[in-house]
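**Student:** My structure is below; once you've seen it, I'll send some questions.
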Amino acid sequence: MISCSEEGSNKILVAISLDRDESQNVLSWAINVLAKPSDTVVALHLLVGEEPRKLPMKKKKRTQIRHAKAHVISMLGEFAYTCCHNQVNLEAKVGFSSNIGRGLIDEVKSISAHYLVLSRPTTHEFRIWNDIKRYVSDFAPSSCSVVLVGNQRKPHKDCYSDSAISLDINSEKYSPRSVLNTLSRDSLSSSGDDASSFNGSMVSSSFASPSDKPKHKSISPYKFISSLIMNSPLRKWRGSETKNKPKPQPLIQCFTYNEISKATNDFHQGNIVGIGGYSEVYRGDLWDGRRIAVKRLAKESGDMNKEKEFLTELGIISHVSHPNTALLLGCCVEKGLYLVFRFSENGTLYSALHENENGSLDWPVRYKIAVGVARGLHYLHKRCNHRIIHRDIKSSNVLLGPDYEPQITDFGLAKWLPNKWTHHAVIPVEGTFGYLAPESLMQGTIDEKTDIYAFGILLLEIITGRRPVNPTQKHILLWAKPAMETGNTSELVDPKLQDKYDDQQMNKLVLTASHCVQQSPILRPTMTQVLELLTNGNEAEIAKSWRMPKDMTNDDDDNNEWDDYSMIFGYDVPSDSSF
């Protein structure tokens, strides 16, 4: 047993098979997503047959048990660190049963489990799986919820019951309809508590029988995306203000391919203003004089996950409206996938800090950008109908408007986090090196504190004018740490400012950054507290109650976990590399 806390408040029984990948996935989901601190996860592997009662056992039976125990123990060993970090207890069990379903229910009753987690098999016979699922759904105690995780198949007509929660990972290829259909369902729920994603797949929750499920007519992606946009909570809220008008116009336009092609001069290479991992951004001019930026999914991108990210960005950003988030004008689904934004003449924060040959940003503009990004993140975390975790806050994802008002952009990695969830697990790790929080890099867990860590790095970038990672220099955090510990703010200031800055504002930014970049997520402030720090500095309540956190004052650089980045990747990496 791996124990890191007191007796668990919930017991989670996880049935694991001899399929290692399948078992790793279901255990990872149970530990990182379902379990909360003090919960106990019990990994159970059942051998088919009667439990041997005669001693000594036959050699074949002993070997079978030994192999099963070794398999289960080795599986648990891989999650030891994660369980200790999450304060989750982990136990292993091997049992016998002539009927797998009955064996699972017996164990549920034996340990008084609150959850029974099953993984849909990828290689086993689905008839047996359906029999097991039907049995546990029928006989699970009312105090135990049955959670099914795995590849979605056509549901059996008897597979649904009031005591079962079905979490189906959709394995079909992503398309505008399949991804946006999920996004549309999520957007119309009030809390989002029943939907998320695991291992890069779509996860849904179902409590109804198949007959109760709505039937979707076949519609074109163009019409479907239009309905998604018009049905978003943002559109409903704005529409309520004009409900007396005969026919409100959509706030997001569905462009035709001819319109955006003409605007960008047939996507001429001279109009490219940015190239990302899966997309290209073109400058264009519409017939009515509006200057736009058209984000196009790269033609050579055959990765369905990239298409999913593109569509996820559409689904999320169509629900976002704030002065400090990018304004989506519309989209196009003809001859590819396109997002249309208002063009930002001043480019990105990254280009302004690191590539502007005509001069650097002066201090009032930098301070304005820092506060604006904080307000945008506060909106995403606290003010949206859903909690939105951006997951890729960095200087190249901050656009600068006409008056250098910052706007957070690129929601391709963003997640809607259900209100009742404390964190979320994402496999594989995604984001931009240099901004990734330690818990995200090491364990794949994300929440609001992941964004707050990245925001702290962004503040240091604004203050110092240094890139987070440079092939010839230390990571910006390792470089800045001594000055933050001693309070020598002047050592951090970008030389390009030539000492032309407001001391009080600078101290507020350094103070805020020092709290945001703590290794432990618990020590980091919320975005509400971040705004208070930026406004009131040392007079903020959180500043009065906090001093320089202990994990900022470790002088043993050889053992300091701040150096996790250098231990894993070294410093000789691209300055803006994305996973």
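Each residue, glycine too, has its Cβ placed from N, Cα and C.
In case it helps, Swiss-Prot gives these features for our protein:
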type	residues	note
MOD_RES	THR256	phosphothreonine
DOMAIN	267-542	domain 'Protein kinase'
BINDING	VAL273, GLY274, ILE275, GLY276, GLY277, TYR278, SER279, GLU280, VAL281, LYS295	ATP binding site
ACT_SITE	ASP392	active site, proton acceptor
MOD_RES	SER396	phosphoserine
MOD_RES	THR432	phosphothreonine
**Student:** Roughly how many angstrom lie between the C-alpha atoms of THR432 (phosphothreonine) and VAL273 (ATP binding site)?
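**Tutor:** VAL273 (ATP binding site) has its Cα 20 Å from the Cα of THR432 (phosphothreonine).
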**Student:** Please give me the CB contact count at 10 A for THR432 (phosphothreonine), counting all chains in the structure.
**Tutor:** 23
**Student:** Cα distance, VAL281 (ATP binding site) to the residue listed as 'active site, proton acceptor', nearest Å?
**Tutor:** 18
**Student:** Hey, which of the binding-site residues VAL273, VAL281 is the loneliest by Cβ count within 10 Å?
**Tutor:** VAL273
**Student:** Please report how many Å separate the Cα atom of ILE275 (ATP binding site) from that of THR256 (phosphothreonine), as a whole number.
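**Tutor:** Here the two Cα atoms lie 23 Å apart.
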**Student:** What's the number of neighbouring CB atoms sitting within 10 A of the CB on SER396 (phosphoserine)?
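**Tutor:** Around the Cβ of SER396 (phosphoserine), 20 other Cβ atoms lie within 10 Å.
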**Student:** Could you measure between VAL273 (ATP binding site) and SER396 (phosphoserine) for me? Cα positions, answer in whole angstrom.
**Tutor:** 12
**Student:** Give me the mean pLDDT over the domain 'Protein kinase' (267-542), rounded to a whole number.
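**Tutor:** 87, rounded to a whole number.
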